[in-house]
Amino acid sequence: MTVAEFFSCSLLAFGPPLVMFAMTVANDPVRIIIMIAAAFGWLLSFLLSSLVWFAVVPLRSYLAFGMVFAVIFQEAFRYGMYRLLRKTEAGLKEISENHEIGSNKLEMAYVSGLGFGLMSGAFALVNVLADSIGPGTLGLHGGSEYFFVTSAAMTLCMILLNTFWSVIFFNGCDEKNYLKIGWVIKSHLFVSALSLLNTKGLYAATIIPSYIVLVINAVVAFQCAGGTFKSFVQSFSVRS
Amino acid sequence: MSDTGSDTEEATENTALIMDGHIAEARPDREIAERIARKRKTKSETQRTYGSVEPTENSGQGSSSGPGPSSAPVTNNSEAQIEELELKYGARHVIKLFVPVTLCMIVVVATISSINFYSVKDVYLAYTPFHEESPYAVTKVWNALANSMILLCVIALMTVLLIVLYKKRCYKIIHGWLILSSLMLLFLFSYLYIEEALRAYNIPMDYITLAFVMWNFGVMGMIVIHWKGPLRLQQAYLIFIAALMALVFIKYLPEWTTWAVLAVISIWDLVAVLTPKGPLRILVETAQERNEPIFPALIYSSTVMYCLAASTTTAAAGEGEQSSRELRPLNPHGNSEAGNVRESGGGDEGFDAAWQARANDARQQTGPQRPARTLRVDGTAPAQYTTRVDRPQPHPHPSPLADEEKGVKLGLGDFIFYSVLVGKASSYGDWNTTLACFVAILIGLCLTLLLLAILKKALPALPISITFGLIFYFATRCVVKPFADALAAEQVFI
């Protein structure tokens, strides 16, 4: 049971991102490097936010405080990634095999967002998964038996959201469209604040709105990348 | 081994040829490269630097690229080619190092987290006489420092010994040494590993089967590492050896000594490679003067280039087939009597350690040598071309194949110490720490390779990565872990 739970949860959380990684990132070295750089950026942001959380001793038990700082630092580092990628665009183009890397401006945004998301997802879930494999099981002592599943589902949501946020954010930065940047920060704060409800066991109240936000973000990101409803439909009809 | 000179000549020319073919065909987009060439301000300086590293190249370079980027178009062009090469040596080759480093780490981490044996401290190396058993922090600190200093001294001593042997051209002794140590790793430590793995997974196995498996495994490893074999297999063995060595370090070094050793080793790496009289630098310079590859057992190479031999190398390498490649300095017949007898146990660890340290400079070959070869091509290529190649190949290799030639090399020592760091991090059972160290090391490796592309001289691969790794290890363990655990427990997602 524990093993099954481990695999189902890890596949639920990391399956789609891994497929995205394998199909879009893995075959291009430059993208892998960008992804790892983004992961490192996320790591730095998390380090800073935990430093803040750690330093402010009296508020340590209030995760809301740490959460707000974490969101702020993450968005700051997203901006940092944006600056870094735009600065090194030319260099990246040169070291890459295909010189097309910069042709679609949001390609890098997507890749770095995936790196961001994967790292945050890994940090959120990897220890939980390690615990899930046993020994022991959930649901005793009044704990919820849905702990792992909800964690995995939320992790998946956060990974995908980070990807979309990066796309929207980079696009907003390119176009100097502060509405998009604001939307990213706000929705990030919203989803994170929503997850505070998990403590109380209100999983439905967290997950459903989070996925609604995810869908909205997906649509916005799709539009940022130049997609329209028509092209969306077309992409299906061409393939079939 | 009597015809070392001619061997090396041929090897160099063959590789030069490869480079030539690569340049001739694979890079149609000159303008980018030229732009970079013009952009480069530090060119003259770097040339001076590796001029000193590698005397042989001055003859080639002096004629073609004396004044720097703003000279005649021909010069500019060749400069551009170098630039192009150096830059091309980017992305894909970085990944080619990422994969083996990752694999090595995965082996170590998987072992550490599934087999208890390697995280239990009971026996220690002879080099670490202080076992950190005192409860006082101060005592632990000086114990760790003393241990790491002793280990460092051993490593330095072995490195110097190797250099002396190399300078005196005692190849047989060196190879006997290397063969002996890899023999021990492949048989003794693999045996221990398999035994513990079987025990951990509770699998019964009789000694006959085990002996059969070990014999085949070990002998094949010896053949593949020291003589010839498919490249993939060789790489796999080298990765496995590095992982084993890392496990040995994790198992037999006391807790804090491991961290101290990591720090000290990366500083030593820095000193040994970058100071003008650094031992590793001397080794590499000597190797480059003699136009020889550094010992194949010490280097992970992403291609076959380092072991290109005199015979049909160009063709073989071009095809990506390894059947005809040979390890040049190593003659299989000379090995048996050459081994200088080492004492078992601790002593072996010692030269393995030294061995890794030496291995670190393997990667130095990549940076500085390349330009020299490309430059030298102009004169000699056509003649050599017709004489050497046994397969009818017009100049250009198909570009992907040609790209294959420019392998990246990383010393096995770097593999080992990266894995030690990650494995040690994972031995505390926190996966976040492991992940953080892993990403930090990869980024460090990236930065090192970036610096290599910029500075074009031999660089130690340990310092940046290990520094990042150590910072992230301690930061994650002390600060990040409580936060991450709290977030995970409360299911707050940021």
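Yeah, the Cβs are placed from backbone N, Cα and C, and that goes for glycine too.
Automated prediction, rather than curation, is the source of TrEMBL annotations.
The transmembrane segment annotation in TrEMBL covers A:6-25 (among others). If one looks beyond the transmembrane segment (A:6-25) by at least 6 residues along the same chain, the residues whose Cβ comes under 8 Å of a Cβ in the stretch are 31-32, 35, 110-111, 114, 117-118, 121-122, 125, 128-129, 132-133, 148-149, 151-153, 155-156, 159-160, 163.
Taken from TrEMBL, the feature transmembrane segment applies to A:32-56 (among others).
Long-range contacts of the transmembrane segment (A:62-85) within the same chain, counting only residues at least 6 positions beyond its ends with a Cβ under 8 Å from a Cβ of the stretch, are 34, 37-38, 41-42, 44-46, 48-50, 52-53, 56, 92, 108-109, 112, 116, 120, 165-166, 169-170, 173, 184-185, 188-189, 192-193, 196. Residues annotated as transmembrane segment in TrEMBL: A:62-85 (among others).
For the transmembrane segment (A:106-126), the list of distant contacts is 9-10, 13-14, 17, 20-21, 24-25, 31, 34-39, 41-43, 46, 74, 78, 81-82, 85, 89, 92, 151-152, 154-156, 158-167, 169-171, 224-225: same-chain residues at least six beyond its ends, Cβ to Cβ under 8 Å. Taken from TrEMBL, the feature transmembrane segment covers A:106-126 (among others).
The feature transmembrane segment is assigned by TrEMBL to A:146-170 (among others).
Feature annotation from TrEMBL assigns transmembrane segment to A:202-222 (among others).
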Tertiary contacts of the transmembrane segment (A:146-170), defined by C-beta under 8 angstroms and 6+ residue spacing from its ends, are 5, 8-10, 12-14, 16-17, 20, 38, 75, 78-79, 81-82, 85, 105-106, 108-110, 112-114, 116-118, 120-121, 124-125, 128-129, 132, 138, 180-181, 183-184, 187-188, 191, 195, 198, 203, 206-207, 210-211, 213-214, 217-218, 220-221, 224-225
